[in-house]
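Record features, source TrEMBL:
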TRANSMEM  B:28-47  transmembrane segment
TRANSMEM  B:86-112  transmembrane segment
DOMAIN    B:87-304  domain 'ABC transmembrane type-1'
TRANSMEM  B:124-145  transmembrane segment
TRANSMEM  B:185-203  transmembrane segment
TRANSMEM  B:224-246  transmembrane segment
TRANSMEM  B:285-306  transmembrane segment
Amino acid sequence: MTDVAAQPGNSNVASATRDTMAWDSRARRVMMIYLPLACFVLILLFPFYWMAITSFKPNAELLNYKEHNPFWISSPTLAHIKHLLFNTAYPTWLKTTMFVAVGSTFLSLFASTLAAYAIERLRFRGSPYVGLAIYLAYLVPPSILFIPLATVIVQFGLFDSPMALILVYPTFLVPFCTWLLIGYFKSIPYELEECALVDGATRLQILRRITLPLAVPGLISAGIFSFTLSWNEFIYALAFIQSGANKTVPVAILTELVTGDVYQWGALMAGSLLGSLPVALFYSLFVDYYVSSLTGAVKE
Amino acid sequence: MSVTTIPARTYALRQPGWIARLLDYKPFLIVMCLTPAIGLLTVFLTYPLGLGVWLAFTDTTIGQRGIFIGLENFQYLLKDPLWWNAVFYSIFYTGIATIGKFALGFWLALLLNNHFPLKSLLRAIVLLPWIVPTVLSALAFWWIYDPQFSIISYLLVDVLHIRSTNIDFLGTPWPARFSLIAANIWRGIPFVAISLLAGLQTISPSLYEAAMLDGASAWQRFRYITFPMMMPILAIVMTFSIIFTFTDFQLVYAITRGGPVNSTHLLATLAFQRGIAGGELGEGAAIAVSMIPFLVFATLFSYFGLARRKWQQGEAND
């Protein structure tokens with residue numbers, strides 16, 4: 001957050017000094033900055049454009065580049081989306097994914113708020129080590145864990161249930177959120193809590209009435225990050241869920257929609273587009289929080 | 001009046017008594033606050049990690065408890081050309097993709113650090129590949145790499161007339177390997193760029209002003225100010241990037257599933273194929289465990305190799 005606020009000031013200073021530089025002519029600036037930037041944006045966005053345009057193209061146009069310009073649609077159609085919504089279990093998958101993402105987000109926010117508060121504010125001997133241990137958990141990649149976790153899930157009788165995902169996703173969400181929230185709690189003056197303690201408030205009252213309201217931006221950042229990560233998660237959802245109805249969107253598109261040798265590119269791309277929209281929308285509402293959580297965590 | 005009310009009030013305060021006192025008792029509070037997080041991590045992370053190492057030394061299959069067989073799984077892997085192939089491609093994939101991501105990401109960060117209109121909008125757009133589910137963007141790449149209707153082939157053959165035949169992106173080993181790396185770089189650039197941009201913004205402009213007064217060229221300013229100041233952040237971002245590229249699964253699984261002829265298997269996809277799809281849990285776990293030494297080495301290398309500069313400078317800038 002801080003550098004988002006500080007950045008206009010910085011860049012004004014930078015541009016003021018730059019305007020006085022003789023070598024910085026306009027043509028040079030276009031060549032050195034705008035042209036490469038345009039290339040980057042073009043390449044980074046092209047797959048999305050291609051995804052979007054494919055999902056509205058009728059099949060005849062999709063597979064005939066000779067008569068139709070592939071970069072444009074001459075007769076857009078909603079057939080692929082209609083097929084997706086009414087002939088497949090896509091709405092169910094969306095619902096399952098939403099349920100899993102929301103559930104695991106709340107679970108990890110709950111766990112990591114308490115943990116961050118204990119580590120940062122209830123300071124006890126060894127609290128830095130607990131913080132470090134939780135942080136190290138973030139470095140354990142899911143690819144190493146999914147095979148033994150599958151046996152654990154089977155032991156718990158949770159195989160093929162969305163509950164398994166809600167319980168497992170916090171393993172990579174809690175470390176990040178805790179880490180982020182420790183940073184946020186640090187920025188809240190301790191004197192506020194001391195005042196409340198002197199006034200006779202209990203620790204839990206302090207957490208609920210003082211610390212949490214002040215940490216709302218941090219909670220939002222952590223929440224958005226958790227939501228997008230659990231929406232995007234793939235390997236656990238692939239390994240732990242078997243029945244079609246319980247699959248999450250990324251897994252379902254890949255395993256249920258890719259059938260046979262002739263790929264339904266229109267439907268596949270429509271599914272990808274619809275599956276990306278919720279996170280993209282959610283993200284666009286909270287871009288600044290998201291960027292700050294990403295960069296804040298790096299700087300910590 | 002006051003004599004009677006005061007004892008009544010203290011009485012009322014103490015009465016809810018033991019719960020409130022327990023909740024204000026610090027050791028209890030600490031344990032209670034840490035239990036959810038530590039509990040979840042222990043049951044679903046630490047325990048499976050240990051269990052995975054144990055499974056690697058057994059011949060467990062799905063539905064059958066294995067017995068301890070010592071190093072047999074690993075001996076088998078050492079003789080397995082597919083495992084060696086996966087090790088090779090994992091290292092190659094991580095190496096090339098990391099270089100590509102950091103070169104392009106650093107460049108993009110430097111570009112975004114300039115002042116121009118619509119800057120925050122651009123920064124938001126740039127992050128999109130990172131936000132969108134990897135599998136879904138991988139599907140888009142799969143379609144872009146289609147042997148017959150690839151848009152890249154169309155551009156090269158029908159628009160620019162550079163080639164006469166379509167490129168077979170995913171049908172032969174080497175083009176498939178590079179196609180996957182390109183997709184990985186595409187997905188990784190935004191994260192690197194935005195993280196490094198945050199680092200660039202912490203560098204004080206006065207350093208550049210001083211260097212400009214001393215007549216430093218643009219390259220010298222980059223080499224002697226930007227680069228050293230970015231080292232600590234580069235070290236952290238690169239450690240993360242290497243860990244998650246080496247253990248990547250989704251991209252390869254979505255686009256090639258390890259094919260053609262197993263040439264693009266990463267260790268993670270091979271572990272999945274043997275462990276979950278093939279049911280050989282013990283062998284799959286052994287493949288997953290075999291990633292750990294590489295990860296530890298890569299982490300130590302990137303972290304200490306880069307972060308070492310920090311204490312050589314004697315600076316505490318984090």
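Backbone N, Cα and C define each Cβ position, glycine as well.
Automatic, uncurated: that is what TrEMBL annotation is.
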Problem - Winner by Cβ pairs under 8 Å against the transmembrane segment (B:285-306), considering only B:28-47, B:86-112, B:124-145, B:185-203, B:224-246 - result: B:224-246
Handout entry: Intrachain neighbours beyond the transmembrane segment (B:28-47), with Cβ under 8 angstroms and 6 or more residues off its ends
Key = 22
Fill in the blank from the handout: Residues outside the transmembrane segment (B:185-203) whose C-beta sits under 8 Å from one of its C-beta atoms, at least 6 past its ends, are 97, 100-102, 104-106, 108-110, 112-113, 123, 126-130, 134, 137, 141, 225-226, 229-230, 233-234, 237, 241, 245, 251, 317
